[in-house]
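Q: Annotation comment: TrEMBL describes 1-150 as domain 'Nodulin-like'. Residues or ranges marked as domain 'NFD4 C-terminal' in TrEMBL: 247-409. Positions annotated as transmembrane segment by TrEMBL: 37-56, 62-82, 102-120, 132-155, 247-268, 288-308, 320-339, 345-367, 379-403, 445-468.
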């Protein structure tokens with residue numbers, strides 16, 4: 001059984017990687033929205049499949065397992081030759097803004113609809129016919145985004161097509177050049193990067209490319225006559241394509257990794273213990289908070305991709321700024337959990353859910369910008385190790401250990417008070433019974449929530465260091481920042 005669970009749960013990684021890597025390579029100019037939308041729907045997949053299963057509801061749980069086993073497999077087989085890097089428009093088109101706005105609108109409507117359906121099913125006993133209608137509407141929401149590529153295929157602007165045809169493309173003879181020529185060309189470009197004036201990065205894109213081209217031509221000519229000794233640079237620069245081993249020796253990669261570990265690990269700790277947290281504070285309907293945090297997680301992924309894209313495209317600032325903002329929100333959310341004031345469960349669930357979701361839209365996009373898309377699959381899956389590692393330490397050791405300690409104290413107090421109140425044979429029976437480890441009150445998660453808040457503040461500091469170190473990279477990628 002453990003082997004089957006291991007294989008089944010890790011199979012999702014392959015689906016995730018294939019879709020994410022293909023779309024990032026197909027839409028390199030819109031990485032934030034693409035990653036946010038894909039990761040958002042990945043987070044909602046459980047709620048969507050559960051609602052679809054409600055149509056064929058059966059007392060036998062094997063029906064759900066059968067659907068989960070067969071359904072995704074059929075979808076993957078049908079799409080395995082379609083989901084791949086393809087040629088076509090790699091530049092930003094005028095219609096892209098409208099397309100992404102439409103998809104974002106559908107995402108918000110879908111999240112609102114699922115929230116309403118989950119609350120309705122919790123509060124009202126729905127008939128089978130009503131459940132079928134609700135599920136059919138859900139499927140229609142999922143199919144609506146297909147309208148975008150269909151409309152673009154039939155009604156695309158001729159000017160956009162002509163513009164794409166005029167863009168330069170690599171020639172076959174260049175692709176078949178010798179390895180030594182490619183290495184020399186890479187060295188020359190490296191030297192151009194080293195020798196260009198500092199103010200070149202502040203020029204408009206067209207002027208910057210012209211200046212760099214002039215420097216490149218001069219270096220080619222000088223190297224040909226032996227007037228310049230071209231120095232070979234070790235490894236790629238940030239913004240170029242890295243292998244996993246090359247990225248592992250970069251400080252920026254580890255800053256991103258540990259920032260993700262602290263942020264996502266603390267968020268996953270809340271998700272894992274949200275039922276116990278709400279029970280300890282006296283809430284009876286604990287599943288409402290679980291449903292709510294899944295929706296906030298989805299909106300955080302969508303919003304994280306959207307707002308981080310505004311930061312990098314409109315202002316040419318590092319994407320890690322959005323990551324730092326998300327970690328501040330999570331720190332405030334954990335502090336609300338620790339204080340346990342009236343209504344803070346709702347506020348904390350909102351802030352932690354949104355902040356946690358934003359991590360999974362921002363970090364993959366930032367990794368593709370800093371370390372390239374050629375080996376993005378390996379880089380992305382190494383970064384995802386931060387999630388279970390953080391959960392193992394923060395949830396499995398810190399939060400669970402503190403909860404069990406407080407529950408043991410309360411159980412001992414109840415046992416002592418009961419022993420004093422009772423006497424004789426009944427007292428002996430009580431003393432022989434094992435105390436129930438159930439914690440009640442704000443003390444159960446007070447310390448662990450403060451620790452999680454501290455971890456988020458540390459992650460915030462790591463993100464700011466990454467922002468400082470990568471400012472020049474984003475300036476070169478996205479041009480002069482607006483003031």
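Cβ atoms here come from the backbone N, Cα and C positions, even for glycine.
Give me the lay of the land around each of these features.
A: Counting only same-chain residues 6+ beyond the ends of the transmembrane segment (37-56), those with a CB under 8 A from a CB of the stretch are 12, 16, 19-20, 23, 63-64, 67-68, 71, 103-104, 107, 110-111, 114, 117-118, 121, 131-132, 134-135, 138-139, 142, 291, 294, 297-299, 301-302, 305, 357, 360-361, 364.
Tertiary neighbourhood of the transmembrane segment (62-82): same-chain residues 8, 11, 15, 49, 52-53, 56, selected by CB-CB distance under 8 Å and a gap of 6+ residues from either end.
Residues 33, 37, 40-41, 44, 47-48, 51, 126, 134, 137-138, 141-142, 144-145, 147-148, 288, 291-292, 295, 298-299, 302, 306 of the same chain lie 6 or more positions beyond the ends of the transmembrane segment (102-120) yet place their CB under 8 Å from a CB of it.
Residues 238, 320, 323, 326-327, 330, 334, 352-353, 355-356, 359-360, 363, 366-367, 370-371, 379, 382-383, 386-387, 389-391, 393-395, 452-453, 455-456, 458-459, 462-463, 465-466, 469-470 of the same chain lie 6+ residues outside the transmembrane segment (247-268) yet bring a C-beta within less than 8 angstroms of a C-beta in it.
Sequence-distant neighbours of the transmembrane segment (320-339) (same chain, 6+ residues past either end, Cβ-Cβ under 8 Å): 256, 259, 262-263, 266-267, 270, 277, 300, 304, 307-308, 311, 345, 347-352, 354-356, 358-359, 362-363, 366, 442, 445-447, 449-450, 452-454, 456-457, 459-460, 463-464, 466-467, 470.
Same-chain residues lying 6+ beyond the ends of the transmembrane segment (379-403) with a Cβ under 8 Å from its Cβ atoms: 13, 17, 20-21, 242, 244, 247-248, 253, 256-258, 260-262, 264-266, 268-269, 272-273, 276, 363-364, 367-368, 371, 439, 444-445, 447-448, 451-452, 455.
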Q: Do any residues of this chain, six or more beyond the ends of the transmembrane segment (345-367), have a C-beta under 8 angstroms from a C-beta of it, and if so which?
A: 20, 24, 31-32, 34-36, 39-40, 43, 253, 256, 259-260, 263-264, 266-268, 270-271, 274, 277-278, 281, 283, 289, 292-305, 308-309, 318-320, 322-323, 326-327, 329-330, 332-334, 336-337, 376, 379-380, 383, 456
Q: Give residue numbers and ranges for long-range contacts of the transmembrane segment (288-308): same chain, 6 or more residues beyond its ends, CB-CB under 8 A.
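A: Residues 32-37, 39-41, 43-44, 46-47, 104, 107-108, 111, 114-115, 118-119, 122, 270-271, 274-275, 277-278, 319, 321-323, 326, 345-346, 349-350, 352-362, 365-366.
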